[in-house]
Amino acid sequence: MIDLETKATIDYTYNVPAKRRWKKAKIKGAVPLYFILMVYFIVVAYPLFWMIMNSFKTTDEIFSNSWAMPEKWLFSNYSHAWETGISGYFVNSLVVTVSTCLGTVFISALGAYGLTRFSFKGKNALLILCMGGMMLSPQVSLVPLYKLIQALGIHDTYLAMILPYVAYRIPITILLIRAAFLEVPKEIEESAVLDGCSSWAVFTKIFLPLNYPILLTGVILTAYFTWNEFMFALIFVDSESLKTIPAGLMQFRDALQTNWGVLLAGLMISAAPVILLFLFMQKYFIRGLAAGSVKG
Amino acid sequence: MPIRKLVPYLYLAPCIVMMGLFVYYPIVENFRFSFYDFSAFSPDKAFVGFTNFSNLFQDPVFYTALKNNVWYAVISIVCQVFGGLILAAILEDPITRFISSFFRTVFFLPVVISVTVIALLFTFVYEPNMGILNSFLHGLGLDSWTREWLGDSETAIFAVIAVSQWQSIGYIMMLFIVAIQAIPKEIYEAAEMDGAGKIRRFLSVTVPQVKEMFFVASLITLTGAFTVFNEPYILTGGGPGNASEVLGTLLYNSAFAKDQMGYASAIATVILVLTLLVSLVQMKLFRTGKDD
């Protein structure tokens with residue numbers, strides 16, 4: 001696995017004398033690189049900065065002076081947004097995200113354990129089924145899933161989101177955890193079995209605690225997916241009171257057509273949790289994305 | 001003992017049930033559904049053979065949507081895969097090491113923000129009167145360039161595509177950063193000793209070394225381009241008229257606005273075939289590249 005932070009510090013110590021020799025040429029060569037970085041930085045950061053600034057303004061001020069800092073910082077926009085519906089969506093998102101994360105990682109860990117510690121008929125077929133599952137886009141299954149959710153009687157409940165989310169996150173999570181489980185030395189397991197441990201005890205007492213970093217990576221990636229998922233949340237749930245943030249924001253926008261400051265404050269509240277999760281857990285995040293991208 | 005033989009299947013049962021029920025069964029059902037005519041809330045289905053497909057292939061909106069998906073694919077490959085690779089190479093160049101982790105984090109931020117938040121933010125960017133884009137053009141004295149980006153049928157789809165690029169370049173960039181960090185440093189040293197400049201080192205060392213990630217990245221972007229739904233749905237809803245319709249929004253509108261579930265399933269089948277074709281072509285190209 002690649003740890004970006006530590007690697008970045010090691011990478012560049014290799015050719016100190018050569019560097020001195022080329023110093024002048026290098027500074028010259030750096031100008032266009034820094035120029036590209038700065039331009040793209042402005043493109044990415046400015047709209048985000050604009051959102052933060054204007055989330056503290058009145059609608060009139062956004063209209064008359066959207067480029068300036070707020071004249072008066074209206075923190076009340078945030079409480080207004082929270083009370084206008086964001087709080088409900090927030091709680092729904094929290095419930096759905098936590099359940100999806102626990103379900104996905106637990107079921108995937110069970111499956112990864114089955115795939116790595118036993119030999120049985122159909123093992124390779126199952127592995128291929130997992131990899132194939134990663135390639136299938138949920139869009140393609142929209143109509144049958146809608147029918148299925150009706151048939152199961154879970155339309156317009158939390159489960160209508162949680163169950164499909166878990167199912168679609170299992171393939172990638174199982175492959176992630178399987179890779180870590182394969183690294184666990186056979187000796188540890190063998191001595192535990194000699195001591196009389198059942199396979200279930202080996203799983204809960206050895207495999208899960210030993211691999212908690214990869215389980216955490218699985219939780220973070222699932223949380224990121226679930227918190228931001230839009231299409232299922234839009235279609236499988238009708239009740240306003242059950243909507244998660246991405247789907248709820250559509251309603252929120254319609255309710256606040258004229259009150260832009262509050263709308264922007266609502267957007268800020270919705271984006272904050274995942275941004276914070278990313279900033280504090282960058283290492284796990286990137287490790288997972290990198291591992292997950294290597295399909296097949 | 002038979003019980004012992006059952007144990008691995010017990011561990012795997014929850015995964016198999018979940019994936020079978022919610023991932024694989026719907027794919028098969030969707031294929032079957034595309035030969036029927038039915039509505040969301042009625043149990044009756046009428047078998048219509050290939051009617052859904054022949055209707056679809058005679059629908060001009062289908063071709064508009066397909067054209068927009070192809071634009072999506074082309075622009076995404078250029079911006080995300082090539083742009084992402086260039087940004088990654090710059091951030092991994094020793095000369096930017098002082099601040100590369102800062103830029104890396106900022107460039108990745110749009111990836112973690114919900115697409116709904118980003119799409120709603122960009123309705124402000126594109127807002128015709130006080131939006132960021134028109135104000136910026138006005139500030140540069142380019143008033144003739146200002147327009148109603150999302151309301152103009154010529155620019156709507158490109159305005160939507162731009163949002164997707166803005167959000168996703170950081171993701172592909174991060175994949176390339178991980179790939180570049182895995183390249184042995186000796187290769188760069190050797191190239192530098194031979195007097196290869198920055199651009200030469202990028203073309204002769206970085207590009208060939210990240211070929212595998214190049215394949216993965218283009219697969220991700222192309223599949224994404226043909227299944228896209230969120231950005232067009234939130235920003236324009238496919239409008240004005242059908243100008244910014246993509247296959248994803250066409251599917252959604254057919255199923256949930258017009259209640260033509262069979263027709264929607266036929267669209268889904270076309271999307272599935274397209275994404276599979278893209279994957280196959282990619283794999284073939286990648287294999288042949290490997291033999292060289």
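All positions are counted from 1 along the displayed chain.
Placed from the backbone N, Cα and C atoms, the Cβ positions cover glycine too.
What TrEMBL says about a protein is an automatic prediction, not a curated fact.
Positions annotated as domain 'ABC transmembrane type-1' by TrEMBL: B:66-282.
Listed as Cβ neighbours of the transmembrane segment (B:7-27) (distance under 8 Å, sequence separation of 6 or more from its ends, same chain) are residues 272. For B:7-27 (among others), the entry in TrEMBL reads transmembrane segment.
Per TrEMBL, transmembrane segment is recorded for B:70-90 (among others).
Panel annotation: around the transmembrane segment (B:102-126), residues 87, 91, 96, 132-133, 148-150, 159, 163, 166-171, 173-174, 177, 230-231, 234-235 of the same chain, lying at least six beyond its termini, place a Cβ under 8 Å from a Cβ of the stretch. The transmembrane segment annotation in TrEMBL covers B:102-126 (among others).
According to TrEMBL, the feature transmembrane segment maps to B:156-180 (among others).
Proximity of distant same-chain residues to the transmembrane segment (B:210-229), defined by a Cβ-Cβ separation under 8 Å and at least 6 residues beyond the stretch ends, is recorded for 69, 72-73, 76-77, 80-81, 84-85, 164, 168, 172, 175-176, 178-180, 183, 246-249, 251-252, 271, 274-275, 278-279, 282, 285-286, 289. The transmembrane segment annotation in TrEMBL covers B:210-229 (among others).
Summarising the annotation, TrEMBL assigns transmembrane segment to B:261-281 (among others).
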